[in-house]
Amino acid sequence: MKNIVILASGSGSNAENIIGYFRKKNILHQFHIITNKKDAFVLERAKKLGVTAEIITKKQNDEGVLEKRLLELNPDLIVLAGYLLLFPAGIVQQFPNKIINIHPALLPKYGGKGMYGSFVHEAVVANNETETGISIHYVSELYDEGAVIFQAKTSVAENDTPDDVAQKVHQLEYEHFPKVIEKLLSD
Ligand code: GAR
């Protein structure tokens with residue numbers, strides 16, 4: 001059994017999918033969810049799943065609360081699944097190669113500050129890209145710049161809207177993110 005902390009800022013559909021994946025396989029990892037938003041829907045999902053969850057705001061991050069809490073929890077893996085704050089540099093140094101993030105594009109394209117969620121898909125459509133995808137990478141002190149662990153692609157059709165692209169990308173995320181986590185935990 002491993003101890004996994006998932007951080008999410010919004011809906012949390014990836015968080016739910018990851019937890020569901022391991023439960024379906026009867027792999028009894030311990031999950032804990034942290035969000036920076038008091039009204040994040042991921043809190044509802046945690047309740048429904050019977051998973052512990054807590055709120056640690058951006059201000060508290062700046063005061064070192066997140067770092068202290070993560071050291072207490074001592075996770076085997078920290079998973080950023082739609083967590084939209086820059087991860088505090090101090091924490092990155094405390095957990096070398098134990099923090100991963102999923103980004104909804106083929107990094108290094110469409111990464112960096114301000115490039116998240118629907119903004120990424122809008123930019124992909126505006127630039128007439130013919131393909132996009134997902135990147136799972138280690139977290140470094142800079143937005144979306146840590147070493148890439150895994151990428152998968154999907155096509156973008158000429159008449160796809162940003163919502164269509166978002167749906168395709170989410171499907172890739174649901175398919176691959178849990179498997180990449182499983183592999184990392186077994187290495
Ligand atoms: C996901 O598509 C994830 O790749 C993206 O936010 C979405 C969260 O969805 N993350 C980023 O943009 C990080 N830069 P979810 O809350 O339904 O899992």
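Cβ coordinates come from backbone N, Cα and C, glycine included.
In TrEMBL, annotation is done automatically, which means it is predicted and not curated.
As recorded in TrEMBL, the features of this protein are as follows:
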ACT_SITE  His103  active site, proton donor
BINDING   Gly12, Ser13, Asn14  N(1)-(5-phospho-beta-D-ribosyl)glycinamide binding site
BINDING   Lys59, Asn101  (6R)-10-formyltetrahydrofolate binding site
DOMAIN    2-181  domain 'Formyl transferase N-terminal'
SITE      Asp144  site 'Raises pKa of active site His'
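Here the features listed in TrEMBL are placed on the structure.
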residue : record                                                  : Cβ within 10 Å
Gly12   : N(1)-(5-phospho-beta-D-ribosyl)glycinamide binding site : 25
Ser13   : N(1)-(5-phospho-beta-D-ribosyl)glycinamide binding site : 17
Asn14   : N(1)-(5-phospho-beta-D-ribosyl)glycinamide binding site : 21
Lys59   : (6R)-10-formyltetrahydrofolate binding site             : 9
Asn101  : (6R)-10-formyltetrahydrofolate binding site             : 23
His103  : active site, proton donor                               : 26
Asp144  : site 'Raises pKa of active site His'                    : 21
DSSP three-state assignment for Asn14 (N(1)-(5-phospho-beta-D-ribosyl)glycinamide binding site): helix
Asn14 (N(1)-(5-phospho-beta-D-ribosyl)glycinamide binding site) and Asn101 ((6R)-10-formyltetrahydrofolate binding site), Cα-Cα, nearest whole angstrom: 11
The residue listed as 'active site, proton donor' versus Gly12 (N(1)-(5-phospho-beta-D-ribosyl)glycinamide binding site) - Cα distance in angstrom: 14
Rounded inter-Cα distance in Å - Asn14 (N(1)-(5-phospho-beta-D-ribosyl)glycinamide binding site), His103 (active site, proton donor): 12
Neighbouring recorded positions, C-alpha within 10 angstroms of the residue listed as 'active site, proton donor' - of Ser13, Lys59, Asp144: Asp144
Check: same-chain CB within 8 A of N(1)-(5-phospho-beta-D-ribosyl)glycinamide site center, minus Gly12, Ser13, Asn14: Ala8, Gly10, Ser11, Ala15, Glu16, Asn17, Val42, Arg45, Ala81, Gly82
Between Ser13 (N(1)-(5-phospho-beta-D-ribosyl)glycinamide binding site) and Lys59 ((6R)-10-formyltetrahydrofolate binding site): CA-CA distance (Å): 25
Between Ser13 (N(1)-(5-phospho-beta-D-ribosyl)glycinamide binding site) and Asp144 (site 'Raises pKa of active site His'), the C-alpha gap once rounded to whole angstrom: 20
